[in-house]
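Presented below is the structure to which this report refers.
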């Protein structure tokens, strides 16, 4: 049952991605609406999968790479659907759904077997710390997709190449605004995830901060996004510069998450 | 009944000719009534715009009708027909339908896809309806033309892109800023193109407009016109950070805005994007401004390039529109031919019926020793024979497939059997969906 739900989600996301990508070449608004509907259905199935797993495992299912990536993907789609509803621009999906699909596909490569919970993770902090962290990551993921769109659109405008793709993509200022909104949403969550992690570390390991690779890289991520938001408020880092920084920030998020888990080891390594 | 079109347009006649035969929109009653008073012309609509003058009419006699309309155009405007003749085109039947559908869909316009023509035809039709010069056929015909134009508009992108420099500038600004309602436009210098672009921005709805000029009085004058704020030229750089869209067209022989100025201005406005439109020749804005982060510079050539691309795009869309027109012509003709088919069939049957009854009565009156029941049998025989005779031509007449020349058959039958002219056409048979 659980595996079926997971595979169904994967297939539905794949269909939604194809539909969203075809929005880039097709003009009919029908395609966009269908894509939206399919993604919405996929999101519900994905929630069903996560809830089902929660009851089967008896704890929040964010304890290994498979589960974390799946939740990451779920959060990305959730926040994306909200953005699409809020900004009425389904073309954003052409750049976000492939990412959500990719994350879920990577999740599929890790074993989905429900294993007994690592004793170190048995804590009420598990839910709070991980859910908040991944919601933050998801917001950064959307900012990443939107920032890529910004760079493409800005390139078109500078080079005066105003082809069909240019016509399709949203105005620069809107992209900038969405990216900024996502960052202002994600940054407090990241901050809270780090603080809650520190408190949890104190109760579990007896120390708030132990310079474990994950902690170090999370701090780097935090500084990048802090610099980005600070720069925007003071000297006006917006537009291309902000977009590039947001892209770099997200790549470091991915490294913090996957790289640390797979290559650097440490306390946060859950294979 | 045939639809005929006689007229001239920007494609066949220069403005000197067009203006001579134009009709004043305030006095349409007289010409419309004069046209329907012409022999053999039953309905008429006159379309007169700055780019075309056309008469749409219905007639039984195509060649005669066209000649009469041509003569009317010349005589009404006191222009010798010989000088007019070479500029006039005339269409009938399917070609007339195609022509009017294309005109209404703006496929025959000077700027293909421009939206005004449809409104102009609607107004012209309004006069014809008001003065009752259009009847059942032209009413249906023009409504069909309007619905074709609407289909073309919604199903193709023929009118979706800007084909004027001023409009292209507004479209680009929207691609940078999205909403323009909280944006400010700064006009530097004054030029026709610049003012036109400013008007487009004002119509789109910007928050404010500032105007500057080397002579402050001129700036003030222009500012009055746009209900804008006049700014002294020396204070240009104090006001520049407040402007999101800058339209420049001064007569300055050198650049007035440089890369380093814009760099500084952008810093002062916290890097919020700026859109520079340089319409001046020689240019006012250093092209290096485009290299500044979040500054976008377009010159008049760039905008012309955008317009040229959009025009190309329109040509592609126009091909799709032509296909829609062709499809709709077929539909309209089905309806048009069905108009006369039913009355003709009815007339034909009653003529045959008359003959049958008359002959039967004649025979029976001379026949003394008729066996009982024979009278009925004879009647049934004649009736069956008549039905058999009429079956084939009736079914051919009722056929609505393309290529079936119902109009020819109708005319032939009416002449061969002396059925007289078609009575008032009735709306029956194939109905068009609107």
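Each residue's number is its place along the chain shown, starting with 1.
Any Cβ shown, glycine's included, is placed from N, Cα and C.
Beyond the ends of the transmembrane segment (A:6-25), by six or more residues, the same chain brings 31-32, 34-35, 38-39, 41-42, 45-46, 49, 70, 73, 77, 90-91, 93-94, 97-98, 100-101, 104-105, 108, 112, 164-165, 168 to within a C-beta distance below 8 angstroms of the stretch. Look at TrEMBL and you will find A:6-25 (among others) tagged as transmembrane segment.
The feature transmembrane segment is assigned by TrEMBL to A:37-55 (among others).
The domain 'Cytochrome c assembly protein' annotation in TrEMBL covers A:63-268.
Feature annotation from TrEMBL assigns transmembrane segment to A:67-83 (among others).
If you look at the transmembrane segment (A:90-114), the same-chain residues 6 or more away from its ends with a CB under 8 A from one of its CBs are 2-3, 6, 9-10, 13-14, 16-17, 20-21, 23-24, 32-33, 35-36, 39, 53, 56-57, 64-70, 72-73, 76-77, 80, 83-84, 141-142, 144-146, 148-149, 168-170, 178, 258, 271. Sequence annotations record features per position, and here TrEMBL assigns transmembrane segment to A:90-114 (among others).
Residues or ranges marked as transmembrane segment in TrEMBL: A:134-157 (among others).
Per TrEMBL, transmembrane segment is recorded for A:178-201 (among others).
Taken from TrEMBL, the feature transmembrane segment applies to A:216-235 (among others).
As annotated by TrEMBL, transmembrane segment applies to A:242-264 (among others).
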Positions whose Cβ lies under 8 angstroms from the transmembrane segment (A:242-264), at least six residues beyond its ends:
65, 68, 72, 106, 137, 140-141, 143-144, 147-148, 150-151, 154, 175-176, 179-180, 183, 213-214, 217-218, 220-221, 224-225, 227-228, 231-232, 270-271
For the transmembrane segment (A:134-157), distant same-chain residues with Cβ under 8 A (at least six beyond the ends):
62, 68, 71-72, 75-76, 78-80, 83, 92, 95-96, 99-100, 103, 163, 165-166, 169-172, 175-176, 178-179, 182-183, 185-187, 189-190, 192-193, 225, 239-240, 242-244, 246-247, 249-250, 253, 257
Cβ under 8 Å to the transmembrane segment (A:67-83), counting only same-chain residues 6 or more beyond its ends: which ones?
6, 13, 36, 39-40, 42-43, 46-47, 49-50, 53, 61, 92-93, 96-97, 99-101, 103-104, 106-107, 110, 130-131, 134-135, 137-139, 141-142, 178, 182, 185, 257, 270
